[in-house]
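Report on one structure; see the data block that follows.
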Number of protein chains: 2
Amino acid sequence: MTEIPKNHPRYESLIAREKIVSGVNRGLTSQQGLTAQGRGEAFDYLIGEKTIASAEHAETAAACLLLLAENPVISVNGNAAALVPKELVELAELTGSKLEVNLFHRTPERVKKIVDELKKYDASCVLGENAEPLLNLDHERAKVERDGIFAADVVFVPLEDGDRCKALTEMEKLVITVDLNPLSRTAQTAHVSIVDNLTRAISNMIQMIPELVLLSKNELWEVIEQYDNKMVLADALEEMKEHLTEKQNELLGIDPTPKGPTPEEVEEMEKRAEIRKRVLMRGADLMME
Amino acid sequence: MTEIPKNHPRYESLIAREKIVSGVNRGLTSQQGLTAQGRGEAFDYLIGEKTIASAEHAETAAACLLLLAENPVISVNGNAAALVPKELVELAELTGSKLEVNLFHRTPERVKKIVDELKKYDASCVLGENAEPLLNLDHERAKVERDGIFAADVVFVPLEDGDRCKALTEMEKLVITVDLNPLSRTAQTAHVSIVDNLTRAISNMIQMIPELVLLSKNELWEVIEQYDNKMVLADALEEMKEHLTEKQNELLGIDPTPKGPTPEEVEEMEKRAEIRKRVLMRGADLMME
């Protein structure tokens, strides 16, 4: 790896890039994965390279769904395997999910290498080597395992292609994704779209789970009922617009007058605080509708 | 190349990505070029994957500068060579520019391969193999040819690194770049920053030239005098914000009330129409200031 000084202002981002380059060199990640990483970097920059509040909300809903699922599957592609192999194994362990290697640019060699990589981090069982063309897509794109993604009720497909994400939602599965582009077809078709850097998203979810497992099933469902993916995507777009306005003001030398939140923003913040409270504190039993 | 179905909604973008992958495989493009391509894709998405009006204005100014220059040089890096080799040769021919291979991750092998690639498209002369460390930067980054970029009065450096773009502007050259990120240091230090996809930018410039060559030198200078790079960058940020707002409205099912342009917008549009008229129609002689 190229040496990157720890005090570099974009240390995290540069380390992630080096991990992807290493993934390509080790045959885990396709070259197209480097492009995907670059796209992510651009959108991450626009949200300030931090987990925004609405993404944290989506991460909570995603963790709840994985905990509630009968048969959850976490899909692992080449970029995910290069960036967070250990964390994916840990998340699967904590949520009782199966892991399945699921590649857009699929070759048997790459599938095998990723399976082996995950096993290095003590994954007990990793699916993907016996995939069959079971999705409603052209042959190579259609491959999933019969006992894995095909049979799942909840699938977590971080960094997924738009067509494949859509095919999964059409099979009446609940689909969770991580995608830094809130406008992508993947983000717009999934049921829970986490607009966050994959490394931050997985680590946040792992940290949330010890508190979430203390909740009853009804309370977990309540979190999901409260969840509105459209609002989450709209909020991510709002964050990007605010960031662009800031940069535009800098460019034109405009000093914007500081102002307080609008009544709508106050209401939204109160709503968010309320949801958070319900998630974090065990309250009275909540009825499912 | 991986086969991309023609009906894929993002066919053009995927084909460009495949061209970069092919560039890497043929030794023209570095792996880092793939990440750069991805970053570009993200910003292109935000301007709607089309040439915005302010970018067209920048492309006109850039074409005028190349036509007015005594000694124009077009710099070619690994991504440009993979994406638009034929078009770069054509642009050089039409504007009487020299071509120079100019790499951030420089190796003699890559320079040679790009020279050969451009010669395949009938480039008569391609510089770059005799580069010397003449820029005010560390040794490897400083290399340009004495009779090429070093001696040029106008340099066109699409997809250039921020440090190198700055070093060139400090040598009192007029610097033109193509960069989809209006916030990058390259976009912010060049004199003419085209916020557009390289493929579209070069093709637009080639199309403009037959009309521009009909103008007098004074008319070409007039176009350049009218040009304000800060406004062009601010406009690109505005387009991104508008695009994000549009998508946000679509997402939330909001139908924004149609409204006419503001007085400032009317003034701006009239100004643009005036500039266009001057460019497109041969008018009375215009005095240089």
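Start at 1 and count along the chain as shown; that gives each residue its number.
Glycine too: its Cβ is placed from the backbone N, Cα and C atoms.
The ATP binding site annotation in TrEMBL covers B:R17, B:R39, B:D179, B:L180, B:N181, B:R185, B:T186, B:N197, B:L198.
Structure coloured by features recorded in TrEMBL.
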residue : record           : CB count, 10 Å
B:R17   : ATP binding site : 24
B:D179  : ATP binding site : 29
B:N181  : ATP binding site : 21
B:T186  : ATP binding site : 22
B:L198  : ATP binding site : 23
DSSP-derived structure type at B:L198 (ATP binding site), helix or strand or else coil:
helix
Name, in order along the sequence, the binding-site residues among B:D179, B:T186, B:L198 with a Cβ closer than 8 Å to any chain A Cβ.
none
Coarse DSSP state, helix versus strand versus coil, of B:N181 (ATP binding site):
coil
